[in-house]
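Copied over from TrEMBL:
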DOMAIN    26-475  domain 'Major facilitator superfamily (MFS) profile'
TRANSMEM  24-48  transmembrane segment
TRANSMEM  95-119  transmembrane segment
TRANSMEM  126-145  transmembrane segment
TRANSMEM  151-172  transmembrane segment
TRANSMEM  184-206  transmembrane segment
TRANSMEM  303-319  transmembrane segment
TRANSMEM  331-353  transmembrane segment
TRANSMEM  360-381  transmembrane segment
TRANSMEM  387-410  transmembrane segment
Amino acid sequence: MSSKSEDSIGIIIGNIGKWQIQRIIANLLISLPGIAQIFVGAVFSMQIPDFRCMDNSSSSYSKNCSKECTKYEYDTSFWTETVPMKFDMICGNDYLILMTKMTLFIGFAIGTFSAGLIADKFGRKTSILIMSHLFFASGLVLTIVNSYIFFLFVLLSMAISAIGIYTSAIVWNLECVSGKWKMIVGMMMALIWPFGRLLSVALAWNICEWRLMIQILSGVHFVTPIIMYWVPESPRWLLASSKESNKKKAEEILRKVVKINKGNMELFEQNIQNQIESSRRKDTSYHPYYKVFKSKTLRNRSFILFINWFTNSLVLYGLNLNWKSLTGNLFTNFSIAAALDIVARILSIFILHQFSYKKVYTLSMFMVALSFLLTFGFSLGDYENNYPVVILSMFGTFFISMTFSIIWIYTTEIFPTNYRNGALGASSFVARIGGILATTMGPLSKVNENIPKAIFSVTTLTSAGLALLLPETGDSLPDAIEDCE
């Protein structure tokens, strides 16, 4: 990719160094438990083992319901306890499973949007701390509640904070590096998703009890305040602030960065005041995100990105939440898909060194559409282990993993600093609507297995076509709306 202009932070401290690497790793570690919690909460803690009527304990375990039965007991040979076992989400109460998953994704929608607002107004670090405290508290409370209504309320809180941590952390990381390192760091943050999926598989396979899994993932955030004491506020956010005190803090942080990275202090002194003066001339103060729609350019880009975020989430979660319904397997295919996800995101790093985000994103989205169009030639049960559908679904997973990882970075490069986290939050909010609808793909496949295929095909083709209208981006992050016009 070619640079359009020099990056303000890159001019001062260089593209990357020891200081940035240490704090990027810290943010990666802080984000991982919340991402793993998404898959634990939406997939593994929602599993239903075989069951039988408690009044007929001599019968074998199955998935059969009885109108005469008032109480069921579950096969605990593998799952010790899951959420459906806890609240008897079977037979006439199976609608509660869909309600629970939808609550999770409503929480993700609120979390991405609210984290974006908090991060743009009060700072990226502040948002990370607020969300990590909420995640720690709600995760522990969730495991001791006995009321289903209270359970949903706390689950919503946990979902808000789980995704909120990641949304703020990725922006912090991208704002402290420049040049090609924005893409590399963005992909590193994207790798948190497949590693979170693998962590959820490992926990589910070895623990098999939903309470303990959630307690472990939320409990590790006890140390987050200690880690964040070592991570300052985003210098770019401070520099873009209208408060002179924040600009002074940015100067102090950046001077420390130059020293730790053993940079050119003389060059730093020459450039820092120019950058501070430049930030004063531009309107880089905080504005509510909705004001971005006053710009025709950013308004059009927002709508196109919203559709693409919706599609990415619908397809990715539609597959990940419903592997058993769509392909007939869970642990094996879920793990293989996560491994392919890792390969796809690492491969993206090398591809994006040669081609622009727009080209790679659009082509990958077309490939996703192609994979689902091809699945119309096969039906579940036609082949042993449904291998044609599984292979094509994994092919689609491979490319949707590439597009989802790219769109996180692409979105941050399209919007200016004072709207960046808000734009990311709003886009991710729309994505969670796709995630909510993704929870229905499993039930829809039981009505007709071609319904999810048709939905995935149409949405990916539409998104790929609209993505052609988005701009190419370079190495420089825009600081104000005038930089985007």
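Glycine residues also receive a Cβ, built from the backbone N, Cα and C atoms like all the rest.
Where the annotation comes from TrEMBL, it is an automatic prediction and has not been curated.
The stretches the transmembrane segment (184-206) and the transmembrane segment (151-172) are in mutual contact, each linked to the other by at least three Cβ pairs under 8 Å (pairs 6 or more apart in sequence).
Per-stretch counts of Cβ pairs under 8 Å to the transmembrane segment (303-319) identify 387-410 as the leading one among 24-48, 95-119, 151-172, 360-381, 387-410.
Of the two recorded stretches, the transmembrane segment (24-48) does not lie close to the transmembrane segment (387-410), with fewer than three CB pairs under 8 Å once pairs fewer than 6 apart in sequence are set aside. Sequence-remote contacts of a segment are chain residues at least 6 beyond its ends whose Cβ falls under 8 Å from one of its Cβ atoms, and for the transmembrane segment (360-381) they are 308, 311, 315, 327-328, 348, 351-352, 388-389, 392-393, 395-396, 399-400, 402-403, 406-407, 410, 449-450, 453, 456-457, 460-461, 463-464, 467-468. A mean pLDDT of 86 is what the model gives for the domain 'Major facilitator superfamily (MFS) profile' (26-475). Proximity of distant same-chain residues to the transmembrane segment (126-145), defined by a Cβ-Cβ separation under 8 Å and at least 6 residues beyond the stretch ends, is recorded for 27, 30, 33-34, 37, 111, 115, 118-119, 151, 154-155, 157-158, 160-162, 164-165, 167-169, 172, 210-211, 214-215, 217-219, 221-222, 224-225, 228, 233, 421.
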